[in-house]
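Participant: One structure is given below, represented as structure tokens, and several questions about it will come after.
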Amino acid sequence: MFFKGVSIAEAAYCGAGVPGVGVVIERIANFPSIQVQKKPDFFIHPVLILIGLIIIGGEAIISYKALPLKKQVKKLIHLVLHSIALILGIVGVYAAFKYHNESGIANLYSLHSWLGIGIIVLYGVQWIYGFIVFFYPGGTASVRRESLPWHVLFGLFVYILAIGNAALGFLEKLTFLESSGLAKYGSEAFLVNFTAIVTILFGAFVVLTSLSQPPNEDKYSYFAL
């Protein structure tokens, strides 16, 4: 029942959260004091980060427990999803730098940007370590067994950081826009706050799913082989 509820929550987020971001950006782009119509990188950054690190990264985390497949198949799915998430995250960060450079905005001045770089680096380190130890060439059975709890814990830590930084990014952008004249109680502000809340709730479901007892330990559990 819990996993069914999580699936419903994921579908709700994918169906409302990302389109919500698209609506917010489209509305902001048409705001008189904001000139981003010819700067697609402004649109690319939040969408790729949400789709990559938050949604696909979350699906990768819970793939071992939510998919009734053979362990080796789930292992491959876990790797592929994290690979896609990392690539989208890197492109999303690049888009932010490109937009700042073309708009004459300073880089790496905010906590959001500092955390963003750190998260991408940690995500990459986690991916490389996981690939070498659990996929190819693969560590010994004892190394995999001892590394697994730390691999899971570190992965959740990075994911929680990504969720928190996404919320921080929403807040930062909304604060800047409101200082430029965007209505504090307008539909754009409401959509930004709503999307941030849904993002946090989605992240909470992912973390709870990862930490919960699976319905069938043999089929759904994490494993080190």
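Every residue, even glycine, has its Cβ placed from backbone N, Cα and C.
TrEMBL does not curate its annotations; it predicts them automatically.
Okay, so TrEMBL annotates it like this:
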type	residues	note
DOMAIN	7-211	domain 'Cytochrome b561'
TRANSMEM	42-64	transmembrane segment
TRANSMEM	76-97	transmembrane segment
TRANSMEM	117-136	transmembrane segment
TRANSMEM	148-170	transmembrane segment
TRANSMEM	190-211	transmembrane segment
Participant: Taking the transmembrane segment (42-64) as the reference, which of 117-136, 148-170, 190-211 gives the largest number of Cβ pairs under 8 angstroms?
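Facilitator: Looking only at 117-136, 148-170, 190-211, the most contacts with the transmembrane segment (42-64) come from 148-170.
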Participant: Summarise the model confidence on the domain 'Cytochrome b561' (7-211) as a single mean pLDDT, whole number.
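Facilitator: Mean pLDDT across the domain 'Cytochrome b561' (7-211) comes out at 85.
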